[in-house]
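What TrEMBL lists as ATP binding site is A:Thr220, A:Asp221. Annotation comment: TrEMBL describes A:391-452 as domain 'ACT'.
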Number of protein chains: 2
Amino acid sequence: MKVVKFGGSSLASGPAVANALKIITSDPERQIVVTSAPGKRHAGDIKVTDLLIRYANQIIGGENASATVEEIFQRYVEIGHYFGVEEGNISHLRDILLSLPNGNYPNNEYLMAAFKAHGECLNAQLIAIILNEQGVKARFVDPKAAGLTVTGSPNNASIAPESYQALENFEYEPDEKLIFPGFYGYTLAGHIATFSRGGSDITGAILARGFHADLYENFTDVDAIFSANPAVVDHPLPIQTMTYREMRELSYAGFSVFHDEALIPAIQGQIPINVKNTQHPEKRGTMIVPEKHFKPEHIMTGIASSKHFAALYLHKYLINKEVGFTLRILNILSKYGLSYEHMPTGIDDLTIIFDKNKLSDEIIDSVCDDIQTEINPDHLEWINDYAIIMIVGEGMKNHIGVMRDIATPVAAQGISLRMVNQGSSEISIMIGTTTEDADRAVKAIYDYFFKR
Amino acid sequence: MKVVKFGGSSLASGPAVANALKIITSDPERQIVVTSAPGKRHAGDIKVTDLLIRYANQIIGGENASATVEEIFQRYVEIGHYFGVEEGNISHLRDILLSLPNGNYPNNEYLMAAFKAHGECLNAQLIAIILNEQGVKARFVDPKAAGLTVTGSPNNASIAPESYQALENFEYEPDEKLIFPGFYGYTLAGHIATFSRGGSDITGAILARGFHADLYENFTDVDAIFSANPAVVDHPLPIQTMTYREMRELSYAGFSVFHDEALIPAIQGQIPINVKNTQHPEKRGTMIVPEKHFKPEHIMTGIASSKHFAALYLHKYLINKEVGFTLRILNILSKYGLSYEHMPTGIDDLTIIFDKNKLSDEIIDSVCDDIQTEINPDHLEWINDYAIIMIVGEGMKNHIGVMRDIATPVAAQGISLRMVNQGSSEISIMIGTTTEDADRAVKAIYDYFFKR
């Protein structure tokens, strides 16, 4: 049995949904379907999720939202119409939308979560209707009915472990398709809470684990996961097979095809993942598999870069003789609720690398002030344009000379390395450059590994 | 004015002391002299400090120590005899030794400190006597008289800041030599406490700062500090000039010619240090100078390796999303009073590098157990034979391609890199290998930098 998940662009319009349905019905193993909300039909279009956010904000602001409701509903009407589904047969979807403001929400965050979730919810209902009209036995399953329980914050929830027990006990017929909305679950108190944005991938992985699927097929809009960003490297090789942890390391540095958090349930259930293109389901796509028995094809599987970092450099003589010194720095950071990405230490030096998205100018100033006062370093420097490049590959594990093969093309380009971090991970090397140099470094390393 | 410090081997015998005195008297600028205790006269000999430790342990154990006292005293008699000093003229040194057990010591640690300090103390007194008999105006100065106050544990004390004020007010004649014993000071309560072993270097640096010396000459038994360990690399280049922080980084990985802690007062006073050979004072030796205005001669100044490390490798999916995760690890370590050397982090990986000298098997087991229980990693591995190699040079700072020039010879030797840490320090790169590969890696890198 396979769990099949479709992304927003794969369900954005009638023709797109038709494509998806062809995929679903062409293989009886594809029994559990996870939907996203309809995405953009064309550049400049608005995703249904964004319309729902607008709707929620209008309600919170006490504004009239009827035009927004109609705009959302018409997206589903348009898709239904493509399959000959009468508007009258789906008018209850409008009623659901209209009744959303009457829900019982502990606060506006829960309201927002519930509104957003209905992009997926209505799409799943619509797809079940279409399939049934086509004579395919299909059932819409609300996460609540399946026992998909979540905890944590309403717009960034986590799966509760008891969900897996509930899913195991969920009964269904061998010939029916179950249509699950992605992206959300219910708290123990019965409120809707969503995963982080793009969270339909997570729902798919949870169902794949809960139902003990043989395969989790993740249909999206690319032929495969590529070994480098096609915007940086010309025609990068598609990755045929990679391991969970390779995916994880590449995700960290910007590979966003598959949702990072969705890896966990797949790993826990050891369910292989197949990322495929809805437009070209005949292509093999990329398999993401357990480490066990994996034989790497290349030394390097992929290279990624991410430019949203900043770093604090600190030098103080005899710093490593000061007991509890790192602890004091960590306490300063935690005082401002600040987490750091990496903290390479030298003998009397320390570099703290931050994700810029989690920073503000005031926090930077306060942290620097506190460190100046409490640590009294000889030298303190803020570096604002920090890029991290990850070179990832299971094949690097026992291969001698990888560092040379990374450093050689970078030096040939005249690029200076701000940071090298090898050895914390067995399957990756992390280097730092200026944001300006990052793309050139990626291209040079890629070419050196793959085009020599 | 110059502060001149002589190491134990430079003051081990009559001929050695004669050499030192020639150095002292040949330059009127050499006005402040710091002595060590007499060291080994030949392989298999016992240092006076070790005899004093034996003496202290005999007193603590209630044993008869008269033979030991005599053995110690005879070392000074032998030196004095070389200069024609009658035993009768230094018999008070024996009285000092004999009266040591009658001192007032808060505990046995203070007793040990006071006994050890007398190796330096008696040597300084003897040298002042010899100089005066030779017609050179010289004065023994006890650290108490100079206000050299220390704090901290009795056998690992630190200088108290008020000492510098006291030294500034200390009066002496322009034509007299002051002979200070190295290695120890007095607590505010008036008890002797020593610096860490080899601490005469520290006393010299403190005096150089306190008396605003133009130069701190450190006389030892090597012609210079070499750019690599001569036991690993054939005839390594002597380092002509290096900066304080280069010295500090090389010290960390095993360069032991100059005491690490002695750098601090020199840095604070910005006093240049000259490491020279007592046997060849005409050779220029190695200058250790402030970073300011320093122009590096080579890209790499020196390379050092140290084999007494071990590492704990830990992998857990999504570890970097667990807030306060590093804090939890640090708390486990601090529970066992354990400090770590470095902690490079990957995405879901972490390596903690320890100094093996600070570890015991029980602590390793307990720490691993606690991490297993509290962190629950997917993979935990203890790596026992970890060597760290430091490649150091102010010239590396703005030089592109250093990483390539390190990785290339290492790869050519078929040596795999366990760890690369670049970017925490501006002037060094740290790499990790097995202890078995370390020397070969050092040699390969050295040759690549200096013999191409």
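Along the chain as shown, residues are numbered 1 onward.
Just so you know, glycine gets a Cβ as well, placed from its N, Cα and C.
Within the group of binding-site residues (A:Thr220, A:Asp221), the Cβ with the highest number of other Cβ atoms inside 10 Å belongs to A:Thr220.
Per-class residue totals from DSSP over the domain 'ACT' (A:391-452), listed helix then strand then coil: 30 helix, 13 strand, 19 coil.
The average pLDDT for the domain 'ACT' (A:391-452) in the predicted structure is 93. In the three-state DSSP assignment, the secondary structure recorded for A:Asp221 (ATP binding site) is coil.
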